[in-house]
Amino acid sequence: MCFQKQECFEMGHLKIMKLGMAFKDWLWTAQSKLTRALGAFRPAGIITSNKPVRVWHVGVCACPLPSLAFHSSGFGLVAWLVVNITNETPPEGGMDYRVPGTVSNGETVPAQPGVEKEKEEEENQTLERGQWNNKLEYVLSVAGEIIGLGNVWRFPYLCYKNGGGAFFIPYLIFLFTCGIPVFFLETALGQYTSQGGVTAWRRICPLFEGIGYASQVIVVLLNFYYIVVLAWALFYLFSSFTIDLPWGSCNHEWNTGNCMELQRANSTLNVTSENATSPVIEFWERRVLKISDGIQHVGSLRWELALCLLLAWIICYFCIWKGVKSTGKVVYFTATFPYLMLVVLLIRGVTLPGASQGILFYLYPDLSRLGDPQVWMDAGTQIFFSYAICLGCLTALGSYNKYHNNCYRDCVALCFLNSGTSFVAGFAIFSILGFMAGEQGVPIAEVAESGPGLAFIAYPRAVVMLPFSPLWACFFFLMVVLLGLDSQFVCVESLVTALVDMYPTIFRKKNRRETLILLVSVLSYLVGLVMLTEGGMYVFQLFDYYAASGMCLLFVAIFETLCIAWVYGAERFYDNIEDMIGYRPWPIIKYCWLFITPAVCMATFLFSLIKYTPLTYNKKYVYPWWGDTLGWLLALSSMVCIPLWIVYKLSTIKGSLREVRLWDQGCAAVLKSSLARGFFVCCWLISKEPRINQLNEFIATVKLLVLLSSAWLQGCSKLAVASWCPYFIAFVSLQAPLGINSLGGEDKEGLQCLSSIWRQPLTATRSLAPRKLPTLLVLCLPQVLGNGL
């Protein structure tokens, strides 16, 4: 968990006063004396986001309670006395809830010499997690990830297909209700926990850790096939270094007798043969792909494409092999140069004859299309595709931010930058298509393509008609390579970050991270070779249609918002964000997490199932039944992670609900004894230490004594008191952990009850009625149950 900054703030109904430096000095003095008197304690570094804090591993008599986390100031010492006066020794290894990362806050920690030496050796061996050198590196990295090929080859096509300018209405609705809220959720989650896509969810809500696994499965599948597009683009780029483009004529060995060239000027399609094909299509299918008759005919490997794919992976590897240190430098070029190319192509496109017709076709609104549910479905899926949400990439990138970075402002700005880039890219693409349609004398609808068809058929065909066509071809395919490269190496970085954070003791060593990236790259390259065979295009389409489909992303988004809003608590997450950025974001985002986003995602997900149509290639080839079955297995491989993990977690929890009552009875008696001793120790502390008579410290200590005596006198027979009291002791020590249990994270009702205890210490424990028991059993017990039984 992330612990809050050491200053005056308000959380819920609690108002914690800032503690003076004099009391902090006294604390260390008293702590040193008590260490010698009562026995050495063992502090261990805890890393939560970027805030250095310490944890004392504690136990309450024979029934261990969850560990307490608090800072070195405030009344951490009082809490330490309350739970350690029993002279209990922490179990071997302790109850360690450390989040890997940088621990040092520049102060010397009193500890046993052997333990200190052992920890020093461990820190010398374990590498730091790292952070962005500056905000610009982070912004460019996220921009490079979300602004990719979909902005150029998918968004403009969806606009013209779904009513032109009218398409912006559903698009903007999905942007504000799904895109920005989920984008911000994932980024803030990463920054708050300083963890990758799996361990971040483990910290927030271990029961829904499957969300992280689902997103990483999607990323693994993306790594297999997305980079294949870069291999094609590199092949076209190398083929463009010539005087005459190879797809501009029919006098090559791969051309057939049906190949017909299109004249540049005053051409009207004089071709009457239905079997006539253009040199662009023949270059794509017969030279680049050498495509077979179907997925059942795999054919031989295209060695030229295999070399291009190898080059793409080598570039990708060296972009991220040193983590954010290398990524942050690479994005200065890879994220900005595509904008330069886009501007150049835009200027060239709008100056061509016929460009205005293409732009008009792109933007002219057809409001009648808004009644078609497919238009809304396309708008929703485009948001999820273009914003890279539910992939764990935003969480991984955000985890390298500084704790107090204003991620809210960054997210809003990046979202508008992404959508603005898609909008401008439409002008660059349709101005060229309008020119090409005018030259050929055909409607624009006949030349408009989406996906690879636009990048490798429609645009190359238009480039042939331009003066200095090789130059413009180089510009275009270089832009495609860089757009895809950013998205690709960030996906790999997301996967590697998740693995390193899951197993820090293994991978956070010298050269091990680089070895892990190399292993991921080699395995992904070997799998990707399947898509570079003569039948590989059919395999690529399967992955693209099923593995990272809108259906999978929507399914993950539903659980992400439900987990944050209803399990962890939207209000609590807002409190965490407020501590990071200093203010609370726009309230509509919280209500989107609670109601709008899950409802919209669920409706879109169900609609995608209802409107499902089997995959076809080029609107002609129909996949066999086993091909569709393989596709569904790819889709389900990520979606089943969430329910399977929930079942696994529930089935492996120590203890049972039947054992809860026995634990409650035993723990109540133990807690009473511990609180009684803690009460008298606090009294002894006040009588022996004159410096505590400073007004603020004295008042706060008395409040703590009232809490302890109140709980003790009322018997502590309620399960909630037994499980919450240690967290509250930590809470009044200027932190607000409340603990992360094995299933549900923190409980909002717990904070409210603790607040009422603080305000009305003698009567509030009666409010912890049995009606809270079902919620407590699900959200609060498993960790305590596992530690106590």
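From the backbone N, Cα and C atoms, a Cβ is placed for every residue, glycine too.
A TrEMBL annotation is a machine prediction, not a hand-curated record.
Taken from TrEMBL, the feature region 'Disordered' applies to 107-127.
The Na(+) binding site annotation in TrEMBL covers Gly144, Asn151, Ser386, Asn418, Leu483, Asp486, Ser487. Sequence-distant neighbours of Asn151 (Na(+) binding site) (same chain, 6+ apart, CB under 8 A from its CB) are Ser386, Asn418, Thr421, Ser422, Ala425, Leu483.
The transmembrane segment annotation in TrEMBL covers 168-189 (among others). Distant neighbours of the transmembrane segment (168-189): 142, 159, 200-201, 204, 370, 375-376, 379-380, 382-384, 387, 389-390, 392, 394-395, 397-398, 407-408, 410-412, 414-415, 419, 557, 560-561, 564, 573, 576-577, 580, 585, 588-589, 592-593, 596-597, 600-601; these residues of the same chain sit at least 6 beyond its ends, with a Cβ under 8 Å from one of its Cβ atoms.
Feature annotation from TrEMBL assigns transmembrane segment to 210-238 (among others).
What TrEMBL records for Cys250-Cys259 is disulfide bond. Counting every protein chain shown, 20 other Cβ atoms lie within 10 Å of the Cβ of Cys259 (disulfide bond).
What TrEMBL lists as transmembrane segment is 303-324 (among others). Residues 130-133, 137, 141, 227-228, 230-232, 234-235, 238, 288, 330, 334, 400, 485, 488-489, 492-493, 496, 513-514, 517-518, 521, 524-525, 528-529, 532 of the same chain lie 6 or more positions beyond the ends of the transmembrane segment (303-324) yet place their CB under 8 Å from a CB of it.
Feature annotation from TrEMBL assigns transmembrane segment to 336-363 (among others). Under 8 Å from some Cβ of the transmembrane segment (336-363) lie the Cβ atoms of residues 140, 147, 152, 156, 159-160, 164-165, 421, 424-439, 444, 466, 472, 475-476, 478-479, 482-483, all in the same chain and six or more residues away from its ends.
Taken from TrEMBL, the feature transmembrane segment applies to 383-400 (among others). Sequence-distant contacts of the transmembrane segment (383-400) (same chain, six or more residues past either end, CB-CB distance under 8 Å): 129-132, 138, 141-142, 145-146, 148, 150-151, 154-155, 171, 174-175, 178-179, 182-183, 186-191, 193-198, 200, 212, 215-216, 218-219, 222, 324, 407, 415, 418-419, 422, 487, 490-491, 493-495, 497-498, 501, 550, 552-554, 556-557, 560.
According to TrEMBL, the feature transmembrane segment maps to 412-438 (among others). Only residues 6 or more beyond the boundaries of the transmembrane segment (412-438), in the same chain, are considered here, and those with a CB under 8 A from a CB of the stretch are 139, 142-143, 146-147, 150-153, 155-156, 159-160, 171, 175, 179-180, 183-184, 339, 342, 345-346, 349-350, 352-363, 386-387, 444, 446-448, 454, 458-459, 461-463, 465.
Remote same-chain residues near the transmembrane segment (458-485) are listed as 147-149, 151-152, 226-227, 229-230, 233-234, 236-237, 240-245, 247-248, 262, 264, 278, 280, 283, 312, 315-316, 319, 334, 337-338, 341-342, 344-345, 348, 352, 429, 432-433, 435-436, 439, 447-449 (criterion: CB distance under 8 Å, separation of at least six residues from the stretch ends). Residues annotated as transmembrane segment in TrEMBL: 458-485 (among others).
Annotation comment: TrEMBL describes 516-540 (among others) as transmembrane segment.
Among the features that TrEMBL reports, transmembrane segment is placed at 546-570 (among others). Long-range Cβ contacts of the transmembrane segment (546-570) within its own chain (Cβ-Cβ under 8 Å, at least 6 residues beyond either end) map to 178, 181-182, 185-186, 189, 201, 204-205, 207-208, 210-211, 214-215, 218, 221-222, 224-225, 377, 380-381, 384-385, 389-391, 590, 592-594, 597-598, 601-602, 604-605, 608-609, 615, 631-632, 634-635, 637-639, 642, 744-748, 779.
Within the chain, the transmembrane segment (591-610) has long-range Cβ neighbours (under 8 A, six or more residues past its boundaries) at 174, 176-178, 181-182, 185, 373, 376-377, 380-381, 549-551, 554-555, 557-558, 561-562, 564-566, 570, 573. Look at TrEMBL and you will find 591-610 (among others) tagged as transmembrane segment.
Taken from TrEMBL, the feature transmembrane segment applies to 630-648 (among others).
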Cys250 (disulfide bond) versus Ser487 (Na(+) binding site) - Cα distance in angstrom: 35
Which of Cys250, Leu483, all recorded positions, has a Cβ with the fewest other Cβ atoms inside 10 Å: Cys250
Listed in sequence order, residues not in Gly144, Asn151, Ser386, Asn418, Leu483, Asp486, Ser487 with Cβ within 8 Å of the centre of the Na(+) site Cβ atoms: Ala143, Glu145, Ile146, Ile147, Gly148, Leu149, Gly150, Ala388, Thr421
Same chain, 6+ residues apart, C-beta under 8 Å of the C-beta of Asp486 (Na(+) binding site), given in sequence order: Ser141, Gly144, Glu145, Ile147, Gly148, Val331, Thr334, Ala335
Gly144 (Na(+) binding site) CB neighbourhood, other CB atoms within 10 A: 27
Which listed residue (Ser386, Asn418, Ser487) has most other Cβ within 10 Å, given these are binding-site residues: Asn418
